[in-house]
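Copied over from TrEMBL, here are the features:
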TRANSMEM  47-69  transmembrane segment
DOMAIN    53-484  domain 'Major facilitator superfamily (MFS) profile'
TRANSMEM  89-109  transmembrane segment
TRANSMEM  121-139  transmembrane segment
TRANSMEM  151-176  transmembrane segment
TRANSMEM  188-210  transmembrane segment
TRANSMEM  216-238  transmembrane segment
TRANSMEM  299-323  transmembrane segment
TRANSMEM  335-355  transmembrane segment
TRANSMEM  362-386  transmembrane segment
TRANSMEM  392-418  transmembrane segment
TRANSMEM  430-453  transmembrane segment
TRANSMEM  459-476  transmembrane segment
C-alpha cells in the first residue's frame with residue numbers, strides 16, 4: 001500500500017505547478033461534495049418547504065375524483081331532464097365520454113408537460129374543466145354540462161372536462177415525484193389518492209339532495225369550477241420542477257427551485273444527483289418506437305401493465321355504479337356512497353402512513369391480494385344457495401373491503417411508482433403513454449359494466465375481476481422493484497440497462 005502512495009506522490013512531484021493547483025482544486029471539490037452527501041444522508045429536508053407546492057398540485061387530483069363521481073347519484077335526474085331515461089347506452093355514454101376525453105388529454109399530457117413545463121400544464125388542465133363544466137356562450141348556441149338542455153351538450157361538456165382530467169393525473173404524478181424529497185416521496189405520492197378520494201366523496205355528498213331539489217344536478221357541475229380556478233391561479237406562485245428545468249439546460253433556475261423546495265443546505269447534493277445523468281438534448285424528441293422497444297421497453301411495460309391491471313380489477317365499476325349495485329342489495333344509495341367514501345379515505349390515509357415505511361411493492365402485493373379476497377366474497381354473495389340476509393352482508397362487506405384494500409396500494413402506488421422508475425428523459429412521454437392505456441380500459445369498463453352485469457351475471461363477472469387481481473399479485477411479485485428511500489437518479493441507474 002505504501003508503494004502505491006509513494007508512486008502517486010512521485011507523479012505529483014513530476015507534474016507542472018499549474019496541474020498541481022488543478023488537482024488540488026478537484027480534490028477539494030470532490031471532498032466538499034462528499035461532505036455534502038454525508039450531511040444530506042443524516043438530515044432530511046424540512047417538509048414545510050415542499051408541502052404547499054404539493055397541496056396545490058393535488059387540487060388537480062381532487063378535480064379528477066370529483067368528475068369521476070359527479071354523475072353517480074344525479075345520473076337518473078340528468079336522464080329525466082335531458083330526455084334519455086331508460087336508455088342504458090346513453091347513460092353509459094354520459095359516464096364514458098368523459099373518459100374518452102381523458103384518453104385524448106393523456107395522449108398530449110407528455111408533450112404539454114415537456115414543452116410548457118409542469119406548472120403551465122396544470123393551468124392548461126384546469127381550463128377545459130372550467131369550460132366543459134359550466135360554460136354557456138353569449139348567443140346560448142353552445143351550453144355544456146351545467147347549462148345544457150340536450151344530451152349532445154352534456155356529452156360535449158363531459159368530453160371537454162375529460163381532456164383536462166387526462167392532462168392532470170400524469171402531470172401531478174410527475175410533479176410530486178420531482179419536487180418531493182426522497183424521504184417523503186411516498187407520503188406525498190399518497191396525497192394524490194387522498195385528494196382523489198376527497199373529490200369522489202365531495203361529488204357523492206353534493207349529489208345527495210338531487211332527488212329532492214329539481215335541477216340540483218346542475219349545481220353539482222357548477223361547484224367544480226371553484227377548485228379549477230384556484231388551481232390555475234395558485235400555480236403562478238408554485239415552484240417549477242427542477243428536473244424539467246435541468247433537462248432544458250436551465251441549471252441556475254433549477255438550483256433556485258431546489259432551494260425553495262429543499263432548503264439551501266441540500267441544493268448542492270440535489271444538483272450533484274441530477275448531474276450523474278445525461279440531461280438529454282432538447283431537440284432530441286422521444287419517439288413512440290423508443291418506448292416500445294430497446295432499453296426503455298421494460299419500464300414502460302411494467303408501467304402500462306400495472307395501470308391495465310388496476311383498471312381491469314373492476315374498481316371504477318364500483319365507483320361509477322355503486323348506487324345501482326347497492327340498490328339491488330337493498331341498501332339506500334346515500335348510505336352506500338357514504339360507506340364507500342369512508343372506506344376509500346381510510347385506506348388512503350393508512351397508505352400515506354405506510355408508503356415510506358413498508359415500501360411500494362409490499363403495499364401493492366397485499367392490496368391486490370385483499371382485492372382478490374373481496375371479489376371472492378362478491379362471488380359467494382351472488383351464489384343462489386346463499387340466503388338473502390347472508391348475501392346482503394357478503395355483498396356490502398365485500399364491496400367495502402374491495403374499496404379499502406384498493407386504496408391501500410393498488411390505487412396510490414402505480415401513479416407514484418411510474419414517475420420513479422421512468423428515466424428523466426422519457427418520464428413525461430412514458431407517463432402519457434401509460435395513462436393512455438389506463439384511460440382506454442377505464443372507458444370500456446365504464447361503458448360496458450352494466451351490460452356485462454346483465455349478460456354474464458354478477459357471479460361470473462366478479463370471478464373475472466378476482467382472477468385479474470390474482471394475476472396482478474403474480475405480476476408485481478415478479479416485475480416490480482422497491483423504490484422506497486431511493487433518489488430518482490439511483491432508481492434510473494439501477495433499472496436502465498447501459499447503451
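A Cβ is built for glycine as well, from the same backbone N, Cα and C atoms used for every other residue.
Caution: TrEMBL annotation is automatic and unverified by curators.
Bear in mind that the values here come from a model prediction, so they are computed numbers and not experimental data.
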Beyond a gap of at least 6 residues from its ends, the CB atoms lying under 8 Å from the transmembrane segment (335-355) belong to 72-73, 186-187, 189-191, 193-194, 197-198, 200-201, 204-205, 207-208, 318-319, 322-323, 325-327, 363, 396, 399-401, 403-409, 411-413, 416, 484
For the transmembrane segment (459-476), the distant same-chain contacts (Cβ-Cβ under 8 Å, at least six residues beyond its ends) come to 305-306, 309-310, 312-314, 361, 364-365, 368-369, 371-372, 375-376, 378-379, 382-383, 410, 452-453
How about long-range neighbours of the transmembrane segment (47-69): same chain, 6 or more residues beyond its ends, C-beta under 8 Å? 98, 122, 125-126, 129, 133, 161-162, 164-165, 168-169, 171-172, 175-176, 179-181, 184, 188, 191-204, 207, 224, 227-228, 230-231, 234-235, 238-239, 260-263, 316, 319-320
May I ask you to check whether the transmembrane segment (299-323) and the transmembrane segment (216-238) make contact, with contact taken as at least three Cβ pairs under 8 Å and only pairs 6 or more apart in sequence counted? no
Under 8 angstroms, Cβ to Cβ: which one of 89-109, 216-238, 362-386 has the largest number of such pairs with the transmembrane segment (430-453)? 89-109
Using a Cβ-Cβ cut-off of under 8 Å, list the residues of the same chain that are 6+ residues beyond the ends of the transmembrane segment (216-238) and lie near it. 52-53, 56-57, 59-60, 62-63, 66-67, 70, 74, 77-78, 81, 119-120, 122-123, 125-127, 129-130, 133-134, 145-147, 157, 161, 164, 203, 206-207, 209-210
